[in-house]
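S.K.: Provided herewith is a single structure, encoded as structure tokens, for subsequent inquiry.
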């Protein structure tokens, strides 16, 4: 190998090594800042009920679900709030210190972002409330659709409750008209 080729090979090797190290550092930094989305059931049992895919204590995560009615506890001397969050299965507790969104209520859907302190306790740094009363986060909707059969026309034998009421009203008004 000539000295010129040797120096080119050395430069190329150092450039590739530098790119590899930079890529590894970027991926490491991104890995620590990624907040994965979980439902309360997935926090307790793991994704797809696989215990190996449970979030670990100390991990930053986002949890989406509904605020359980009757579980909101406010500290009168500070902005600390504790409440339970659930979807279709077990619930987890969420602790948050700060001003809650205006749309935060019991029975409302929220997304809490924070650090998992115990397997069923999330210390939230941010709480986001939904804006539409019919909104359900897509991940939570998919989980709920797996377990709950959606109410639809098929469940009502081809007619809704309103259709049944209208038919009954028409039937009674026709009977009164014949008298």
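Placed from the backbone N, Cα and C atoms, the Cβ positions cover glycine too.
From Swiss-Prot, here are the annotated features:
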TOPO_DOM  1-8  topological domain 'Cytoplasmic'
TOPO_DOM  30-179  topological domain 'Periplasmic'
REGION    151-179  region 'Disordered'
COMPBIAS  156-169  compositional bias 'Basic and acidic residues'
COMPBIAS  170-179  compositional bias 'Polar residues'
S.K.: DSSP says what for the compositional bias 'Polar residues' (170-179): how many helix, strand, coil residues?
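M.R.: Result for the compositional bias 'Polar residues' (170-179), in helix, strand, coil order: 9 helix, 0 strand, 1 coil.
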S.K.: Counting by DSSP secondary structure, give me helix, strand and coil numbers for the topological domain 'Cytoplasmic' (1-8).
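M.R.: Reading the DSSP string over the topological domain 'Cytoplasmic' (1-8) gives 6 helix, 0 strand, 2 coil.
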